[in-house]
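Everything below concerns the one structure shown next.
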């Protein structure tokens, strides 16, 4: 752009500022889900029994597996930041690759979970759900909206990490210049953080 | 964690310990669901979720090692969301 | 400024030749000043559209029955008027135009923290504007829900809601990007010596605003997303037939949209806090009190959303709580008014156009604020809810508050932005006509509301005819004033006389640099040692 050909933008890099920016962005994401958590808590309060019943439809096992997957992936991306600081490029790439693989696994799981539900005729607007109680309609509405939005964030996170991996591979990110890696890690932990709350709210209220 | 280094490098071991703690809490919250029934199930599940997220925030997201300013902001945001939920419930609880 | 060798930094930002030429030198520029002007020009265009819609609505209301448009057209007019004015002009207005242009300069920085993100936010803004406007031309007719998109009507109406809602959703990202940028800029890029308590009040106001932008906008984002899902997938969240609660929609919508009122008014207060000390030639009275009340408004303002819903059927407990909190939020606003008036006390005032705008702001903002107190009282609200009184109240705040501050800021910083001075005579005449028209337009609506005229109807009973004639006449007068003001400003950008670097004898940093500023604002980053309004 017009100003890039010189000076101050690259002159002094501000890692701290980039991190502050990332955190503020994370706050907006938290509040985005926060709005849905408000909806969830209100309808859960108004329809306790129906939510309880509807949750039986979800498999605690699948939910637990996905929680474990996300927690492990959160650890690997956190470790990759230590690895780059120890100047271990290879390990950094491996750890990031593992994170991406686990994220993919999470999505595969989610795919089978969703398609299972949909093949049973449980999806917003389906005839089976139309005949269900209102609480159950709301439960599944929330289930699809919240896990769907979460899955979308997984995909965005994967794209972000994938992009950063390229930068690591090309040595654009090194032991003294890894703020983008740190920020992609922060984003990934956010995804994890939201799941930590989604999991008990949907899978553990039976 | 004891080394005063700048920037801080977290040891791999620390992360492994945190992961073990997180997995333990996850399994506990699942197990608790099978034991109790009643209002305490939700409370326990949410308490464990809060503990887990605190661990993630402090260690994985480096709040413990960063400037205090970040922790304050995060605390503020969670406080804000909680207050908004409480005020919304002033309507639903008493309707 | 030192006239040394003509380097790129010696040319004004208006003349600077970058990699691109012509229009592209603007729409691809990451210079915060050019982005500020991009926003200004875009808003000028949108404002003319929305103001025209407003004028046409007032002409419709000049007589009972159908005058120039039918009910459905009227509905879609007030919807588009509301969406455009709120989401495209008043909410982004002051931060995006004057915040972008002056925040870095006033804190002694060369640009914002993330210049590319800044440009991106303008592009997102344009995209959002196009999507919103497309709702008028495609699908099954223009939206007719009003700017609040209340459920369940917003997913039952056959009109073309999706683009309007999606557009508002997209605009949220632009708003968040600007807020995020400003917070980081203020935290990281203040000039050496500029402690928090040495920061001018406009940046302080932008700081409070930015936090609301960042923390409130996501809630409306997800709410609008739910409306989209409701329309496309029947998710049932706000549909009583599917178990949803439409009042929950109102909660979520106002959790954003009430703080949004403070997104509009806080920077306006910041502008007034800049103009008043400059023309009073006096340091501002109670600097700290203004800073604290800015943050207090930002904070308490987050918890008063329910006062838009007093008649919705909320619980009694919620009603009392929201009413009390509403009265509380008036305190910091009143503190500011007292501080501004106290600043004028025993000052050697230089009466210039920007100062007159600030005075008019005080007048209309007082009326707007006090009528807000009337609406904040539960019993009065039941009577006045959804009447013309509410319309008068929020136009006094949003147009009277933010709008007056916007034009005040434009007249105050104009010589700095364009390096030329407007014709002060015409500016004052325009202001006088505009101010008269404004009050003639909106004051009768308080009365109309009290005697029971509902808002959002194209028709009314004969009893309301008299005040409506006055009000519609006021609208025409006000538009005439606007035309004079805007024509004068546009003409002067080319033909006005060359302005000095500090025509108003201001003390904040923007007056210490050239008019118009050079590309990087400062040859050398200044070291700040004094308070911002140091006239002693």
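Just so it is clear, glycine is given a Cβ too, placed from its N, Cα and C backbone atoms.
Among the ranges C:16-36, C:37-57, the one that TrEMBL lists as transmembrane segment is C:37-57. The transmembrane segment annotation in TrEMBL falls on one of the ranges C:284-305, C:504-525, namely C:284-305. With respect to Cβ pairs under 8 Å, the transmembrane segment (C:469-490) is most closely packed against C:390-414, considering the stretches C:159-184, C:248-272, C:317-342, C:354-378, C:390-414.
Among residues of the same chain six or more beyond the transmembrane segment (C:77-107), those with a C-beta under 8 A of the stretch's C-beta atoms are 32-33, 35-37, 39-40, 43, 46-47, 49-50, 53-54, 56-57, 69, 118, 121-122, 125, 128-129, 132, 136, 142-148, 164, 167-168, 171, 174-175, 178-179, 182, 185-186, 189-191, 194, 199-200, 202-203, 206, 209-210, 213, 260, 263-264, 267-268, 270-271, 398, 402-403, 405-406, 409, 413, 417, 456, 508-510, 513, 517, 521. Listed by sequence, the residues of this chain that lie at least six past the ends of the transmembrane segment (C:317-342) yet keep a Cβ under 8 A from its Cβ atoms are 269, 272-273, 276, 284-286, 289-290, 292-294, 296-297, 300-301, 303-307, 309-310, 358, 362, 365-366, 369, 372-373, 376-378. A Cβ distance under 8 Å defines the sequence-distant neighbours of the transmembrane segment (C:204-228), meaning residues of its chain 6+ beyond its ends; these are 95, 99, 103, 149, 151, 154-155, 161-162, 165-166, 168-169, 172-173, 175-176, 178-180, 182-183, 186, 235, 237-238, 249, 252-253, 255-257, 259-260, 262-263, 266-267, 269-271, 273, 290-291, 294-295, 297-298, 301-302.
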